[in-house]
Every structure is written in structure tokens, then in C-alpha cells.
Amino acid sequence: MAKAKFERTKPHVNIGTIGHVDHGKTTLTAAITTVLAKQGKAEARAYDQIDAAPEERERGITISTAHVEYETDNRHYAHVDCPGHADYVKNMITGAAQMDGAILVVSAADGPMPQTREHILLSRQVGVPYIVVFLNKCDMVDDEELLELVEMEVRDLLSEYDFPGDEVPVIKGSALKALEGDPAWEAKIIELMNAVDEYIPTPQREVDKPFMMPVEDVFSITGRGTVATGRVERGILKVGDQVEIIGLSEEPKATTVTGVEMFRKLLDQAEAGDNIGALLRGVSRDEVQRGQVLAKPGTITPHTKFKAQVYVLTKEEGGRHTPFFSNYRPQFYFRTTDVTGIIQLPEGVEMVMPGDNIEMTVELIAPIAIEEGTKFSIREGGRTVGAGSVSEIIE
């Protein structure tokens with residue numbers, strides 16, 4: 001029998017469960033698939049199937065992540081769940097699982113805990129735009145006032161990190177009871193999914209964003225000009241479009257694309273995901289290089305100084321064996337190239353240990369096309385020692 005074709009009829013949204021260890025993230029993930037499976041909108045996945053998450057590598061870092069998919073009436077969802085706290089930190093910072101929104105799971109019996117706060121902070125820093133709250137284990141709390149108190153605490157915590165704490169939907173339920181098939185608690189899972197459907201907007205598709213392509217290679221074709229090759233990261237490029245060559249030099253250079261080819265065939269246009277060669281008018285071989293980007297004029301600018309949220313690899317992950325201090329000068333790998341940068345640690349932080357997750361300020365020795373949310377690796381002598389996400393542009 002032919003394999004079922006993935007019908008792209010519904011808009012696609014990436015979400016994930018976040019929250020403190022043992023508050024029920026994986027149980028909730030199992031409950032969502034189980035309840036939706038009864039409506040024929042998912043394949044039921046048991047707790048053990050999700051918990052035994054396979055390891056993946058992203059930017060040289062090993063991360064365990066479970067992926068499940070399911071549908072509601074309106075959408076198709078890809079949902080990520082991580083077994084360990086460190087996996088969440090790594091996942092969010094490397095962008096291995098880009099989230100359009102997250103379900104924050106908080107145990108009603110315990111209230112917000114340290115990792116609850118840390119995951120909210122991470123969501124803010126790496127640009128997870130929307131959070132919906134699932135207050136779990138409500139079957140274990142008899143006192144209605146206590147539930148309201150926990151809800152208020154969670155809302156305050158979200159507001160503290162610039163999420164709209166007053167507007168965020170909070171669903172009170174029990175993932176375990178829903179998983180066991182109790183109809184009253186199953187209804188709460190449906191209520192949660194309705195809230196996710198309504199509150200988390202459909203993300204703008206990559207192809208609808210302004211054009212940008214990191215340059216991987218450059219060569220000249222005699223009699224035709226200079227070709228820059230790479231994979232289109234977002235947007236659409238048409239023959240005749242004006243683009244800017246950005247990064248590694250003070251001023252962007254403007255040019256016109258006179259040809260687009262893919263697999264040696266000429267195209268009228270290329271879109272996000274395509275590997276292409278772009279023929280650039282009036283650009284000599286030495287005016288464009290790997291590490292720069294081609295972009296729609298005025299949409300992205302080169303910067304040298306920014307704040308970033310960074311995860312530092314442990315020795316076991318192949319990272320450093322020793323801590324580092326302010327003025328540490330590793331290489332920052334953006335998209336296709338390494339640039340040296342100088343690190344300044346936050347006030348009161350003397351050093352960073354392998355395994356830490358920290359915000360730092362970075363100053364690059366050459367400008368690179370970056371924006372909030374741009375991901376990078378930190379490398380030293382060719383090996384990855386950290387991963388980061390730009391949280392704020394300084395200059």
C-alpha cells in the first residue's frame with residue numbers, strides 16, 4: 001500500500017511542552033495524542049514511547065527530543081517534548097526545535113518552581129512568541145482558592161518576563177486522568193487545544209518573509225559574471241530583483257540578480273529551501289564572499305555588538321574542560337562562517353562553567369548580518385564549545 005501522503009491542507013504550527021521537571025510535560029503530551037486519537041486526529045503515543053526520546057545532533061550538540069504530530073479541526077501541529085531540563089535549554093538555544101508557541105505545564109500541587117522560571121526566561125530570550133498555561137494535577141488539589149493562587153503566581157511570573165500574564169489562557173486539568181480516559185478530564189485537553197488553536201497565531205511562512213540567502217560559495221563564469229551559491233533561508237528571489245550583499249564589510253553593496261539557477265537549470269524564481277546559484281550584475285569575484293548574505297534591500301543590517309543567550313557545552317559533550325572569563329575570544333560561527341568575537345560576562349558573574357546557560361555580550365571583529373533570534377555556534381580550534389541565540393542587538 002502506498003505510504004500516506006502528508007496532506008498540507010491545514011496551516012502548520014510548531015509547539016512544545018515546557019516547564020519544571022515532573023510537573024507532567026510528557027504525560028500531557030501523551031494525553032493530547034491519546035484524546036485526539038479518539039477523534040481520529042492523532043496517533044496515540046504512550047508515555048514510555050515519548051519519554052524514550054531519540055538523540056539528535058544540532059550545531060554539534062547532542063539533544064534528546066521527542067517529536068509527535070497531531071491535528072485539530074483547524075491545524076496540523078508538530079509538538080516537541082524533551083526528557084531532561086538540559087535538553088530544553090539546548091533545544092531552545094540552538095533552535096533545533098523552533099517553537100511558534102509553547103504549552104507551559106505547571107503542577108497545581110507545587111506551583112511554579114525554578115525551571116518554570118528558567119523556561120519562561122528562555123522563551124523570552126530565544127523568541128518563543130506565545131505561551132499557553134496548563135495547570136496540571138488539579139485532581140490532587142481540593143481547595144479552589146489554592147488553584148486560584150497558583151494561577152495568579154504563574155500569571156505574575158509570565159508578566160515579569162514581558163509575556164501578557166493577564167491575557168494568557170490558563171487551563172486547569174489533569175493529564176494523567178485524561179490519559180486514563182476520564183471524560184471530565186479529557187474535556188480539559190480539548191479545552192487546552194482550543195486555547196492553543198485560538199491564542200497562538202499561525203506563523204508567517206518562511207516563503208512569505210523578505211528574501212535572504214547566506215552565501216556559501218562564490219565563483220565567476222567567464223563572460224557572464226559572478227555567481228553566489230547557497231540555500232535560500234527565507235522569501236522568494238526572482239530574476240531582476242535588487243539585492244544587497246551584507247556583512248564582513250562596513251557598507252552593504254547593492255546589485256541586481258540577472259539569473260537564478262538550480263541543478264544547472266535556469267529558473268524564473270527560487271524560494272525558501274532551494275539550493276541555488278544567483279548571478280550578480282556588476283559584482284567582481286572579490287566583492288562577495290562566504291559568510292555574507294544576499295537579502296532584500298533594507299531588511300537586515302550588519303552588526304558587531306549584541307547580547308546573546310548561550311549554552312556552554314560540558315566536557316562530556318566535547319566542550320571545554322575549564323571555565324572561561326570575560327575577554328574570552330573564541331570564534332562565532334554564523335550560518336556559513338567563523339568570526340572572532342570578544343565576550344563580556346554580566347556584572348557579578350566572574351566565570352562561566354561548562355554546562356552553564358548564561359546571557360553575555362559579544363563584540364565581533366567584523367560586522368555580520370544578524371537580527372534578534374539569529375542562531376550561532378561558539379567554536380574554539382574547530383570544535384564546538386557553545387551554542388547561542390541573539391537576544392538583543394546593541395550596535
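Note that Cβ sites are derived from N, Cα and C of the backbone, with glycine treated the same way.
The domain 'tr-type G' annotation in Swiss-Prot covers 10-204.
Within the chain carrying the region 'G1' (19-26), a Cβ under 8 angstroms from the stretch's Cβ atoms is held by residues 47, 50-51, 66, 81, 83-85, 104-107, 110, 112-116, 119, 136-137, 175-176, all 6 or more beyond its ends. Feature annotation from Swiss-Prot assigns region 'G1' to 19-26.
Annotation source Swiss-Prot lists GTP binding site at 19-26, 81-85, 136-139, citing sequence analysis. Within 10 Å of the C-beta atom of Gly19 (GTP binding site) sit 27 other C-beta atoms, taking all shown protein chains into account.
For Thr26, the entry in Swiss-Prot reads Mg(2+) binding site, with the evidence type sequence analysis. Long-range C-beta contacts of Thr26 (Mg(2+) binding site), restricted to its own chain and to partners at least six residues apart, with a cutoff below 8 Å, comprise Thr17, Tyr47, Ile50, Asp51, Ala66, Asp81, Pro83.
Secondary structure of the region 'G2' (60-64) per DSSP, as helix, strand and coil residue counts: 0 helix, 4 strand, 1 coil. Under the heading region 'G2', Swiss-Prot lists 60-64.
Under the heading region 'G3', Swiss-Prot lists 81-84. With a cut-off of 8 Å between Cβ atoms, the residues of this chain six or more beyond the region 'G3' (81-84) that come close are 16-17, 21, 25-26, 29, 50-51, 53, 63-66, 68, 91.
Computed over the region 'G4' (136-139), the whole-number mean pLDDT of the model equals 98. Feature annotation from Swiss-Prot assigns region 'G4' to 136-139; the stated evidence is similarity to another entry.
Annotation for the binding-site residues Lys25, His85: lowest Cβ count within 10 Å of the residue's own Cβ, His85. Cβ crowding, taken as the number of other Cβ atoms within 10 Å, peaks at Cys82 among the binding-site residues Cys82, Cys138. For the region 'G1' (19-26), residue counts in helix, strand and coil come to 2 helix, 1 strand, 5 coil, using DSSP.
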